[in-house]
Ligand SMILES: NC(=O)CC[C@H](N)C(=O)O
């Protein structure tokens, strides 16, 4: 599998940015809107956007159950921000009817950084990614409050992050990765390259 086929859930959110990042990172990328399109992909990205809206659209487009089934069968997945929220097994501060995929054993708090810091940027160390620190862009981002034993913490807010210092903002469980931040908007392709390697089974 030299150039795997990676889908981007294309119901809402920053789909275009992820398609471009995946194409730059050695994958062929395709938008996914219909259940049958899930069958042909080797991996899936769930973009940033609004998790409760995406949750509704997953049900309207009849994608929720087929996607859960593919994830249970081991489909590699990567979620940024709203995508991280959807991949969680438990969400705090969401709507009572919001659905989620439960692909990572973690508790995620929506809009965790608070209204006064809607958006901010920070330089992070990211486990397994060498070189310069990673510029992380947070936009009404969640953080992770609990991880299960099988979940690896990949990044935390650095000491300079004030009240949020030490909060978990990137995780991996098996072939599923999630970040609170948006590497797709910075031009730094290292998270997408890591994910494409996971999809390839490297
Ligand atoms: N940039 C984002 O994806 C924001 C996520 C959004 N706050 C949500 O709850 O879904």
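Numbers run from 1 along the shown chain.
Placed from the backbone N, Cα and C atoms, the Cβ positions cover glycine too.
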Further L-glutamine ligand in Swiss-Prot, beside 49, 50, 51, 139, 140, within candidate set 70, 72, 110, 167: 110
Three-state secondary structure, which DSSP defines for residue 139 (L-glutamine binding site): strand
Listed in sequence order, residues not in 49, 50, 51, 110, 139, 140 with Cβ within 8 Å of the centre of the L-glutamine site Cβ atoms: 48, 81, 82, 85, 111, 141, 142
10 Å Cα neighbourhood of residue 139 (L-glutamine binding site): matching active-site residues from 81, 182, 184: 81, 182
Recorded L-glutamine binding residues, 49, 50, 51, 110, 139, 140 - maximal Cα separation rounded to whole Å: 13
Sparsest-packed among the recorded positions, when each Cβ's other Cβ atoms within 10 Å are tallied, from 110, 140, 182: 140
